[in-house]
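**Q** Can you keep this structure in mind? I'll have questions shortly.
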Amino acid sequence: MPNSNAKLHSNHRGGREASRRELVSRSLQSAQYCLENQDFGTAYAHYLLVVNLAPELKTTVKETFQFTLFKWAEELDSLARIQDLFNCYEQALELYPNDEVICNSMGEHLFRMGFRDEAAGYFHKAVKLNPDFADARENFYRVANWLVERWHFIMLNDAKRNLTYLRAIESAVRSGSRSVLDIGTGTGILSMFAKKAGASFVYACELSKTMYELARDVVAANNMEREIKLLHLKSLDIEIPKHIPERVSLVVTETVDAGLFGEGIVESLIHAWEHLLLQPK
């Protein structure tokens, strides 16, 4: 009897495998037929089924899958079916999470629709996946020009400004401020000043996806990615202990514009005083 049961199980597994192969084969044929007839939506659905049922074929069908996705996305875009378009890209990126071509295409759609910050995130990921991908690199620089105004570069290279911040942060840390929150971290420079000054815990938040990704790169380039916790959040949305374990002893920020209050510094500091800073002794 045990041998008989084992044979039944083996036959059952073999039957399921044969059914899977048959379904994959039929789906591939249907996908190719739909593609030839420019029925991109149905072809895309069939390719999704194929890749889900037969992950071993992901590399084989990759280029055709991409082509089908892009054609179907163009059609959805022309029909203003924006949510369906994004759903297709999310499905594709679940199957090919490290595909720079799909990331770049997603970014292009987002950019055309005005979601520049989100687009920058996808372009940046595409460039990180393949630094030689010229289209993605050009797209990233283009969207960065929209998001980062030129005066930022002058400000970041202002040695006097930087030294003043550094000395102020060093003084505060020496006076006992061991945990620091950097609001609107930008490139992460103030957070790195705090860590170099000897702060035990440094947290930094940045709402802009572009600047958040940039800060991650800068912090990693300075070998501080394990010492500075970066949050892609607005400071008003930070919760304790969900995002940071406890209140901090020092807040640093430079969320000011030429008119001083244009970046909401008053609101963010009031919120930090009430919810994120240790109360004065």
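First residue shown is number 1, and so on along the chain.
Cβ atoms are placed via backbone N, Cα and C, with glycine included.
TrEMBL lists 1-21 with the feature region 'Disordered'. Under the heading repeat 'TPR', TrEMBL lists 100-133.
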**Q** Could you please provide the mean pLDDT value for the repeat 'TPR' (100-133)?
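**A** Here the mean pLDDT over the repeat 'TPR' (100-133) amounts to 91.
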**Q** From the DSSP assignment alone, can you count helix, strand and coil residues within the repeat 'TPR' (100-133)?
**A** 27 helix, 0 strand, 7 coil
